[in-house]
Ligand SMILES: CC(=O)N[C@H]1[C@@H](OP(=O)(O)OP(=O)(O)OC[C@H]2O[C@@H](n3ccc(=O)[nH]c3=O)[C@H](O)[C@@H]2O)O[C@H](CO)[C@@H](O)[C@@H]1O
Ligand SMILES: C=C(OP(=O)(O)O)C(=O)O
């Protein structure tokens, strides 16, 4: 099994280009099931999660072609040979569940295994199912599977108890081919929802309001094909911004939409890190003293839960006590014990972590327990004294394109073995 070895203490410098967003490309690939015409996605991120969702589509009989040189992906779901994505693939990646809405809306039937919990929380799918059932789907649960059928989905008003990203996406995709108007209230407002809506509208869907908490979808009979460039990954951008800050380096993070990283910029500045916004890029310069700051994760435009672990790594060496409160997932502190192995002083009190900054972290053998926990440990390793060895790095491969290569280019002493 691969490991990442880091010799800490190098100040990072230079430029890094951010890849397209994992959390955008996954629902957009799922959405291409809504049409029989070709969809071309440009400059896609070659990630493990992308491989998994493409395996799901492949197993359903979708034509897929990847042009590695151009970085383009060609998808044509003319017809499906199966409406049943396998347990094995859905188990490997929760986002596979996003194919449910599109398959149901277009073919009137889908059988998909329940995704189950994962390291960061129990992650139920009740809001997805409630929304699809309100659209008229007949849903049955049994033997670990969800089976849904419908003649034709019918538009309706759906209020989400929580602005779930995945539920908003699944319902929005299904509603595109429903009869009449669907209104999603208390919808998630994440930039990835806007990107998905833009993609769907290019296919001929009629969606307005994506990016606000009320999304209106006027159903259409059929969709065509399109090409689309997925937005940059705001979480990858935030991770490299912290890499600059935690090493006291100076890094230009390119291919970012600064509007999408407002909360990350604000918290870094509060911590005393210099951040300068330019056209599609940010310059980040570390500071000798990092101030302690409090953080509370929230749905967008609040501080993203997907940046919580990385920020905790930074605050582990801040001056003073920071309180990090996780409100989105109930179990997203798995990285705390690993950071403690590196000398961090962190206590968990319910949904909050109390981080008392230490002068420096020390290299240790640690384990990535999930994707962002893995990224946080790499960041911690970059600043730590001595050698850090991160195991279970397959988690990192899910969401970061060539993390080791990109960090090496910035001057890190890092290897993958
Ligand atoms: C592939 C993808 O885009 N993943 C992102 C997506 O995950 P995902 O779409 O799974 O996250 P959600 O927004 O749905 O989950 C947020 C909260 O709602 C709860 N919930 C969700 C659905 C449901 O039916 N019932 C329910 O109770 C979850 O357990 C969680 O506590 O948004 C999360 C929150 O920004 C991010 O951390 C993930 O990186
Ligand atoms: C939690 C994440 O992803 P997923 O929802 O795919 O598990 C993440 O990207 O940090």
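Even glycines carry a Cβ here, placed using N, Cα and C.
UDP-N-acetyl-alpha-D-glucosamine binding, as stated in TrEMBL, involves 94, 123, 124, 125, 126, 127, 328; the candidate among 79, 138, 306, 349 given for that site is 306.
For the pair residue 94 (UDP-N-acetyl-alpha-D-glucosamine binding site) and residue 22 (phosphoenolpyruvate binding site), the C-alpha distance works out to 13 angstrom. Fewest Cβ neighbours within 10 Å among the binding-site residues 126, 306: that distinction goes to 126. With a cut-off of under 6 Å between the Cβ and any atom of ligand 1, the recorded positions 22, 118, 123 reduce to 123.
Taking the Cα atom of each, residue 22 (phosphoenolpyruvate binding site) and residue 328 (UDP-N-acetyl-alpha-D-glucosamine binding site) are about 19 angstrom apart. Checking the binding-site residues 123, 124, 125, 126, 127, 328 against ligand 2, not one has its Cβ under 6 Å from it. Neighbour density for residue 23 (phosphoenolpyruvate binding site): within 10 A of its CB lie 26 other CB atoms from the protein chains shown.
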